[in-house]
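Trainee: Sharing a structure, written as structure tokens. Questions coming.
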Amino acid sequence: MTDNTNINKINSYENTRRKEEMKHQVITFVLMIAFTLIAFLVVAAELSRTFVIPFILLLAVVQVGFQFYYFMHMKDKGHEIISSLIFGGIWIAAVTVLTFTTIIWW
Amino acid sequence: MSLASTQKKSFGAVLWDYLTTVDHKKLGNMYIVAGAFFFILGGIEALVIRIQLMKPENDFISAGLYNEMITMHGTTMIFFAAMPILLGLMNAIMPLQIGARDVAFPFLNSLGFWLFLFGGIMLNLSWFLGGAPDAGWTAYTPLSTQSPGHGVDFYVMGLQLSGAGTLIGGINFLVTIVTMRGPGMTYMRMPLFTWTTFIASILILFAFPALTVGLFLLMFDRMFGSAFFDVALGGNSIIWQHLFWIFGHPEVYILILPAFGIFSEIFPVFSKKRLFGYSSMVFATFMIAFLGFMVWAHHMLTVGLGPVANSIFAVATMAIAVPTGIKIFNWLATMWGGSIRINSAMLWSLAFIPSFTIGGMTGVMLATATADYQYHDTYFVIGHFHYVIVGGTLFGILAGLHYWWPKLFGKVLHEGMGKIAFWIFFIGFHLTFFVQHFLGLMGMPRRYWVFLENQGLDTGNLVSTIGAFLMTIGTIIFIINIVYTSIKGEKASADPWGTGRTLEWAVSSPPPEYNFKKLPLVRGLDAYWIEKMDGNDKMTPAEPLVDIHMPNGSILPVTMTIGFFIASFGFIYQVDNKSWLALVFIGFAIALGSMLIRSLKDDHGYHIHKEDLEREAD
Amino acid sequence: MSQDHSLNLKNSHEDPAKATMEGKNKFLGLWFFLGGETVLFASFFATYLSLRESTAGGPTSQELFGLELVFIMTVLLLTSSLTSVYAIYHMKNNNFKKMQLWFGITALLGIAFLACEIYEFAHYIIEYEFTFRSSAFGSAFYTLVGFHGGHVVFGLSWLISLMVRNAKRGLSLYNAPKYNTFAIYWHFIDVVWVFIFTVVYLMGMVS
Amino acid sequence: MSRWMGKLKVFVLLSFAALVLSACGKENLTALDPKGYGAQDAMNIMVLSIIVMVSVFIIVMLIYTIVLIRFRQKKGQEDYIPKQVEGNHTLEIVWTAIPILLVLVLAVPTVISVFDLADTTEASSSVNVEVTGNQYWWHFNYEGEEIQTSQDLYIPVNQKVYLDIQSSDVIHSFWVPTISGKIDANPENVNTMFIEAYEEGVYWGKCAELCGPSHSLMDFKVVVVSQEEFDAWVEDMKNVDAEEVPQDAVAQEGKELFEANNCMACHAIGSSPVATGPNLTNYANRTSIAGILEPSKENMVEWLMDPESIKPGNKMTGNYPSLSEDEASSIAEYLMQLDHSETTPDSAGN
Ligand code: HEA
Ligand code: HEA
Ligand SMILES: [Cu+2]
């Protein structure tokens, strides 16, 4: 029996932790929608190109960070190998995109 | 699936067993056998090339056929011979080395194998269906988009299939190494072959998607009229070159790193000394992999990317000499002070050091961009990469085969024949490829169907051809050795070399299907050696004898693959007649149907019971 | 290795998706796969970026794209990401019914997204005669966005077959990892979309 | 032991044999005897890198040989267990640092010369030639001069000549080993590089990027002449009269056949920009027929009768009515009389 109460305790602790986490995720979501909105508004406002493009790219990167770290839990424990591999992929992705946007057009 | 099925099984049963197996050791052997088959095909193609180039203006084969030969030789050797044999060794050995009972995804493992095999069959069917691809293994656009007939289509679909298989294999190995390491097997206690498997798998994971995309674009351009490489519609043919080499350069390290791993196993065992600088070896492997992704444009130095790009890529390329050098010197230091025994496995490994060093050094010479304007697309490059690929990867494969043969097939290869085969092959190898460096500098570009008379290229080419024949003889002796051994060879003990250091030598040869009756407790690097030094003849078990959970065999990987195989034909031939699209639908129906069955039908595997295990002899 | 797959979830405080070796393997395997997918999509993006001005006289991105539809699509997909988070939340609380419900909503949102995309493509083809074969830009556009769409289709089929298959069985340590891997995959699709709407649509409209 | 010595001997012999071979590469084809700016630059780097490589190789082989001589298991040592050495930091640092230094030694001159060779700032004050690679021949258009030629590129000695290189179909690569390294001819962009020859002569050029069945037959020549001869050649070529009446009746008949068979649709004589096929101006002075055959009438006839057997996959095959031997011979006669310039490949020979 003692076993069970223990688990129950843990469970209730876990439950509150999960609720807490869920709250974070809803906030994340609201932020993402807000970011999206800002990005669209900036483009709709037809501001100068040199400002808009880096700005919306930055918003995208932050949004993706939210996705990875909150929705996909990359911030949690047990994700060390995963995040090093994902960052590996991102690094190669970045190098690829960089070359294609620079040296493919002479 | 029963244990100890000593009674003879019917042919049908054996075949069914191989079609449905998910056992990593069987799959490993199947990879090796299929890879060897493709190696012989690629080798025969190489011979045809060398015969054609035996004398100036030879007309042994036609120009078109020559281009098909080189394309098929390169593609077959890289994708269907060297890589599968390495994957086979990884499959068979790596789980044993980390003390695992299987890989993480036995089902996917089998799927990966079948995709590779059918990809290879697909590619080679092109010989019989109107002509093989003829745009080089690099399939540069727009030559490849304009190539008439279906040859290049077979190249695209064949590589797409096998590429998917390889990707699956890579992910499987990664997960296996992360989660399935046995008790006590920390990362820094993993044998080097496991490490190189791990890192080569990372390379596979990140390199193959670029090829996948490139092949898709090529497929769309050739089969569905898109305009990626069609200059008239704004396309750009350089995109293909980038995508191909973003894949292609890491690919050459996918070929060499596992071979490095094999040598790192063999040198310690036959020097009776632990690997010198273990952690720097791991680090160097990571460095090679990391840098390997940032140098691909060294294949494109003459494309006209501009001096900035050329300089960056040239210098980055040269940097790879540093970690590779660390490895070479660590191997030498491993042997220094050791007690070296030379047998066939060791001969191949020893021959690797000078051969690969030459190849690596010509690689660094190629990286000096200014000089590469001369070397590029000449026989100098052919010389370079055969030195690293044959002298590195192929020597590694042969060393690994001799070394692990007893573990894979239960018998030790014949030493005498092994040595004769080695010497003939080794001499032939240097004869063939050493002169090619000079041929290149004397003005012989690669992919030349004929070279003209009176250009001073005759002697060199003849020498090269003679060497190729010596390599053939060497290979044939090796094959005879295999046949002889499997008939006459003696059964091998668990540790036939006597100085085995890693876990695979702690289980019988060949190992039982569950690998370890009780998972062993690993107490350090070279786990088995440690036990031996402590006077134990066995590993200490980490668990009591319990039921062993085993995955079920399945025919679905084969049916899935056949589905994709059929669909590929549909894609290829719908260009001629839209009704071939039916095959696409049929093929996908079969493949998706198999997937559906797989996901709907629960597969919990089965257990080998404790009682049965107890009855088994050790 | 796990011995019993019908293990009662109630007594476990571990994440049911990662409680078994199979579960852990699936989880890692999918993540690693996503690492590869990153490079896959990067290659498509890179190709698109180098060809986006190669319109060969055909319609340009400024002429084609509109903000409204893309915004709707973005909200649909983002929301579906959130609903799948809810579903996983309920999975961890071992509430199968609610989990199925939220996944159901996720699927509906996904289908709505797909419908918008099909409408969009049809619109370009019919109104502008802008196809896959019009120009290198056309090829690159449809390929990049289409591959993302293909991922959505695949994800939906996966989800629906999971939901149907397990509708009567409830949650177990055997199927929890499957739902969990699906959810991660689904988020990744959203990640890709964030870049698509930024790089393709928004950047395509900035002149 | 003896086996290893044997191996070494074979190896030394082989390298020696190869070195002897290398000395006798064909003049004006080999990259080992550079006579131009780019080739010389490349040669300098090659020599430097060979020095580095040979020293590294000697060190590796030295350790290797010592290891194999000293540390073989001797009889009675079967049970001997050597000391299990983990590693040695000093050693590891040494063999990391030295290669880094060596790489730097190579990298610096490489980068310098890469930028030097890419420098095209002087292009406007020099000879500029538009080079087009075609399956399987090369076209040259002297910018600003209204001169079009094919297959033989005339340039003045000791002067940088700027080439704007492009392809009309698949990728080719322009390579004249003795004068300079190669650069690709891409279909979608122009690559610019310069060549400068230090000696007069006729140099072999090769296509270095697989471009189809006759890739190996896509040879061309660079004819390097003195500045005066080059100027004379330019003058001659600017004043070509395509209507010029041939000297004898056979050639006259050849000319008529040439026109009747619509050869002009692809081949121009004079500075007309038609470039579906090689420009035939000054044909009599060509160094070769179709880039590979000796320039003789028999070969010309053979080519005209069946180009496919000489250059598989070429674009001429099947694009004109088949010719009888007599007809081909007349056309050959006509073409072999197209002697528009005093400056010939022989001028480069002196
Ligand atoms: C197993 C395969 C393999 C391996 C391991 C390598 C290794 C290397 N390769 Fe190679 N390469 C190929 C396979 C391989 N290559 C293939 C197949 C092609 C042609 C593809 C095609 O076009 O069809 C090619 C082409 C190729 C090119 C393009 C040539 C051209 O087309 O113009 C270049 C250019 O830089 C290059 C460079 C290198 C370098 C620098 C290394 C380095 O990794 C080598 C490092 C090793 C050493 C240097 C030796 C040991 C080091 C020491 C002893 C330390 C001290 C040394 C120094 C300081 C120099 N390779
Ligand atoms: C793993 C890779 C690999 C391997 C192992 C080899 C092995 C060999 N290669 Fe190859 N090669 C490539 C990869 C490889 N090659 C690539 C990528 C290209 C570039 C292609 C391109 O340009 O697109 C190339 C190109 C290439 C060329 C240049 C062609 C050209 O540019 O025109 C040449 C020429 O000599 C050549 C020769 C050889 C030879 C003689 C061998 C030998 O080592 C082979 C030895 C093996 C055998 C000889 C087999 C023995 C046969 C039997 C035992 C069967 C006996 C039975 C019967 C006869 C029935 N190869
Ligand atoms: Cu490379």
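Don't overthink the numbers, they just go from 1 along the chain as shown.
Quick reminder: no glycine exception, Cβ is built from N, Cα and C everywhere.
Copying in the features that TrEMBL gives for the protein in this structure:
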DOMAIN    B:10-523  domain 'Cytochrome oxidase subunit I profile'
TRANSMEM  B:31-53  transmembrane segment
TRANSMEM  B:73-93  transmembrane segment
TRANSMEM  B:105-129  transmembrane segment
TRANSMEM  B:154-180  transmembrane segment
TRANSMEM  B:192-219  transmembrane segment
TRANSMEM  B:308-333  transmembrane segment
TRANSMEM  B:345-367  transmembrane segment
TRANSMEM  B:379-399  transmembrane segment
TRANSMEM  B:420-442  transmembrane segment
TRANSMEM  B:462-484  transmembrane segment
TRANSMEM  B:555-573  transmembrane segment
TRANSMEM  B:579-597  transmembrane segment
Trainee: Rank B:31-53, B:105-129, B:462-484 by Cβ pairs under 8 Å to the transmembrane segment (B:154-180) and hand me the top one.
Mentor: B:105-129
Trainee: Please work out whether the transmembrane segment (B:379-399) lies in contact with the transmembrane segment (B:105-129), by counting C-beta pairs under 8 angstroms that are 6 or more apart in sequence and asking whether there are at least 3.
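Mentor: Counting Cβ pairs under 8 Å (6 or more apart in sequence), the transmembrane segment (B:379-399) does not reach the transmembrane segment (B:105-129), since there are fewer than 3.
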Trainee: Which listed range (B:31-53, B:105-129, B:308-333, B:420-442) shows the maximal number of Cβ pairs under 8 Å with respect to the transmembrane segment (B:345-367)?
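Mentor: Per the Cβ count, the answer is B:308-333.
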Trainee: Within the domain 'Cytochrome oxidase subunit I profile' (B:10-523), what mean pLDDT does the predicted structure show?
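Mentor: In the predicted model, the domain 'Cytochrome oxidase subunit I profile' (B:10-523) has a mean pLDDT of 95.
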Trainee: With a Cβ cut-off under 8 Å, give me the same-chain residues at least six positions beyond the ends of the transmembrane segment (B:579-597) that come close to it.
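Mentor: Hits for the transmembrane segment (B:579-597): 556, 559-573.
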Trainee: Of the listed stretches (B:31-53, B:105-129, B:192-219, B:420-442, B:462-484), which one yields the highest count of Cβ-Cβ distances below 8 Å with the transmembrane segment (B:555-573)?
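Mentor: Maximum Cβ contact count belongs to B:105-129.
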Trainee: Per the definition of 3+ C-beta pairs under 8 A with sequence separation of 6 or more, do the transmembrane segment (B:462-484) and the transmembrane segment (B:31-53) touch?
Mentor: yes
Trainee: I'm a bit unsure how to read this: which one of B:31-53, B:192-219, B:420-442 has the highest number of Cβ pairs shorter than 8 Å with the transmembrane segment (B:105-129)?
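Mentor: Of the candidates B:31-53, B:192-219, B:420-442, B:31-53 scores highest.
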